[in-house]
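See structure below.
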Amino acid sequence: MVRRTHGNSQEHVTKHIFVTGGVVSSLGKGLTASSLGRLLRSRGIHVLQQKLDPYINVDPGTMNPFQHGEVYVTEDGAETDLDIGHYERFLDVFLSQKANVTTGQIYQEVLRKERAGEYLGQCVQVIPHITNEIKSRMRAQASDDVDVIITEIGGTVGDIESQPFLEAAREVRRDLGPDNCMFVHVSLVPYISAAHELKTKPTQHSVMMLRQLGISPDALVLRSDRPLNQSIKDKISLMCDVDAEGVVNCVDAPSIYDVPKILFEEGLDAYVVRELGLPFHDVDWDEWADLLERVHHPKHEVNIAIVGKYIDLPDAYLSVTEAIKAGGFANWAKVNVKWVAADRCETTEGAAAALDNVDGIVIPGGFGIRGIDGKIGALKFARETKLPALGLCLGLQSMVIEYSRHVLGIEDANSSEFEPDCANPVIATMEEQKDIVAGKGDMGHTMRLGSYPAELEEGSLVAELYGTTHVTERHRHRYEVNVAYKDRLREGGLRISGQSPDGELTEFVELPQDVHPFYVATQAHPEFKSRPTKPHPLFAGLVKAALDHQAAR
């Protein structure tokens with residue numbers, strides 16, 4: 001543990017590392033923060049992570065996936081930024097709602113306090129009231145058993161929206177002291193092909209802008225598409241007044257899982273340990289080295305399609321993609337993810353063409369009627385051709401609708417989400433969600449969210465894959481399998497292989513293995529609990545089934 005000495009007594013201090021970004025967005029601040037966190041964790045240091053998002057939305061739960069990408073759900077039901085998924089996967093930890101803070105949350109709380117009279121008549125201002133609230137969120141995860149909090153500040157230095165967050169970070173350093181706080185700035189060193197030169201000026205200007213806000217970075221992570229020589233690093237060290245040891249190069253890598261190794265070889269984690277006075281232990285590479293061996297030296301290769309409606313922005317399915325890849329790692333297989341627009345699969349011919357040369361499909365979650373007929377068409381094709389299929393959330397609902405229409409003969413089977421007055425709503429609005437759907441309540445943070453238990457049926461494929469009949473998974477939905485149709489589904493051959501403990505909510509469905517080798521769906525989002533070093537059993541099972549399908553061709 002990290003201690004601060006006061007006379008003869010010692011007080012634990014949770015230290016802070018702030019990760020900022022400059023020049024352009026999408027440099028990989030989240031992956032840099034995650035990789036540094038992984039390295040510190042591998043040195044025996046207890047690390048938690050956090051993302052501060054400058055947008056005014058309270059959370060990303062109501063944002064368009066094409067704008068924001070995936071909404072990542074935590075164990076306690078927070079709808080968060082996709083970077084929280086990177087943090088959990090790299091550190092192999094469960095984070096809470098404290099891990100994601102937005103401008104909307106900050107202003108909402110400050111205005112609540114103002115209306116309640118908690119500021120005792122003060123004129124409420126950005127400084128100190130907004131910044132104090134930000135600081136309290138920054139420190140919310142600090143405790144006696146947490147050594148370091150790594151906080152990623154979203155956006156790019158110079159954005160007007162992020163200035164209160166940067167000011168709050170500056171004040172945290174002032175409050176805790178420079179020995180307990182560190183700033184890591186991620187910047188771009190672009191290559192100008194016409195001049196055949198790498199340019200340092202953008203980084204110099206980015207650091208200058210950061211200094212104008214009262215922050216001098218302690219370390220620079222320089223992103224580039226080719227290695228930087230020592231003379232460029234030395235120049236940046238001099239011009240930006242950063243120790244030479246703190247200037248590291250993170251060149252583009254074949255896999256995101258290579259980034260911890262790159263930063264280690266550049267010495268970033270050792271530099272951070274020294275600067276913050278953390279206990280020095282060697283990095284335990286055993287688990288990560290095994291992962292990299294599976295990433296770079298697979299024994300098999302297989303194609304799996306994601307049939308979705310947001311495929312133009314792959315980040316909308318980031319955790320699904322990473323979970324599929326992790327399922328490949330479990331089987332020493334490289335998985336080539338094929339992106340298939342659901343609309344292409346609305347007809348039998350379209351599905352056959354779109355899913356040609358794939359050995360498995362995933363039907364991910366989503367909202368709204370667009371693309372639903374294509375998802376149903378893809379599942380019909382997979383069921384009839386014995387193509388391995390895994391449905392997630394809306395994927396389960398699509399599987400139930402498809403089976404009801406084409407096997408049970410309920411031609412007008414549908415979901416009340418898509419057809420509120422349908423005669424056969426095999427998928428119905430959850431009772432507690434009806435007022436929300438009717439417009440009588442807030443849409444934000446009102447779905448069935450977070451971790452819930454399920455009981456699996458003995459002898460089912462899902463119970464075999466999990467190795468237990470008691471599981472918990474994370475959820476994000478308003479609709480469920482209509483209990484009035486459960487007996488009819490069972491009698492028609494669709495196995496309800498997992499339910500909520502009270503037996504009301506259908507959590508898993510599947511076809512018996514003598515009917516189909518792998519036709520499984522869950523109402524949950526198991527992708528959120530997958531780790532590259534601990535692949536989720538459903539995704540590992542899908543990849544294994546895909547390899548078997550490939551071998552049988």
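Any Cβ shown, glycine's included, is placed from N, Cα and C.
Record features (Swiss-Prot):
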type	residues	note
REGION	1-278	region 'Amidoligase domain'
BINDING	Ser25, Lys199, Thr200, Lys201, Pro202, Thr203, Gln204, Lys235	UTP binding site
BINDING	Ser25, Asp159, Ile160, Glu161, Lys199, Thr200, Lys201, Pro202, Thr203, Gln204, Lys235	CTP binding site
BINDING	Ser26, Leu27, Gly28, Lys29, Gly30, Leu31, Asp83	ATP binding site
BINDING	Asp83, Glu152	Mg(2+) binding site
DOMAIN	303-552	domain 'Glutamine amidotransferase type-1'
BINDING	Gly366, Leu394, Gly395, Leu396, Gln397, Glu417, Arg478	L-glutamine binding site
ACT_SITE	Cys393	active site, nucleophile
ACT_SITE	His525	active site
ACT_SITE	Glu527	active site
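Location within the structure of each feature annotated in Swiss-Prot.
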{"residue": "Lys29", "record": "ATP binding site", "Cβ contacts under 8 Å, 6 or more apart": "Val19, Thr20, Gly21, Asp83, Glu152, Gly154, Val186"}
{"residue": "Thr200", "record": "UTP binding site", "Cβ contacts under 8 Å, 6 or more apart": "Val189, Ile232, Lys235, Ile236, Met239"}
{"residue": "Pro202", "record": "UTP binding site", "Cβ contacts under 8 Å, 6 or more apart": "Gly22, Val23, Ser187, Leu188, Val189, Pro190"}
{"residue": "Gln204", "record": "UTP binding site", "Cβ contacts under 8 Å, 6 or more apart": "Ile236, Met239, Cys240"}
{"residue": "Gly366", "record": "L-glutamine binding site", "Cβ contacts under 8 Å, 6 or more apart": "Gly308, Lys309, Tyr310, Cys393, Leu394"}
{"residue": "Gly395", "record": "L-glutamine binding site", "Cβ contacts under 8 Å, 6 or more apart": "Val362, Ile363, Pro364, Gly365, Lys375, Leu379, Ala521"}
{"residue": "Leu396", "record": "L-glutamine binding site", "Cβ contacts under 8 Å, 6 or more apart": "Val481, Thr506, Phe508, Val509, Ala521, Thr522, Gln523"}
{"residue": "His525", "record": "active site", "Cβ contacts under 8 Å, 6 or more apart": "Val73, Ser319, Gly365, Leu392, Cys393, Glu473, Arg474, His475, Arg476"}
Across the region 'Amidoligase domain' (1-278), what is the average pLDDT of the model, as a whole number?
93
Euclidean distance between Cα atoms of Ser25 (UTP binding site) and Gln397 (L-glutamine binding site), Å:
37
Could you say which of the recorded positions Glu152, Glu527 has its Cβ with the most other Cβ atoms inside 10 Å?
Glu527
Considering each pair of residues in Ser25, Asp159, Ile160, Glu161, Lys199, Thr200, Lys201, Pro202, Thr203, Gln204, Lys235, all listed as binding CTP, report the largest CA to CA distance in Å, no decimals.
31
Based on Cα distances to Arg478 (L-glutamine binding site), point out the closest of the binding-site residues Ser26, Gly28, Gly30, Lys201, Thr203.
Gly30
Say you check the Cα of Lys201 (UTP binding site) against those of the binding-site residues Leu27, Gly28, Ile160; which is nearest?
Leu27
Looking only at DSSP and grouping its letters into three states, which state does Pro202 (UTP binding site) belong to?
helix
What is the Cβ neighbour count of Gln397 (L-glutamine binding site) at a 10 Å cut-off, with all protein chains included?
30
Highest CB neighbour count within 10 A among the binding-site residues Gly28, Gly30?
Gly30
Using the CB centroid of Gly366, Leu394, Gly395, Leu396, Gln397, Glu417, Arg478 as the L-glutamine site centre, which other residues of the same chain sit with their CB within 8 A?
Gly365, Phe367, Cys393, Ser398, Ser415, Ile427, His477, Tyr479
Roughly how many angstrom lie between the C-alpha atoms of Gly30 (ATP binding site) and Glu417 (L-glutamine binding site)?
35
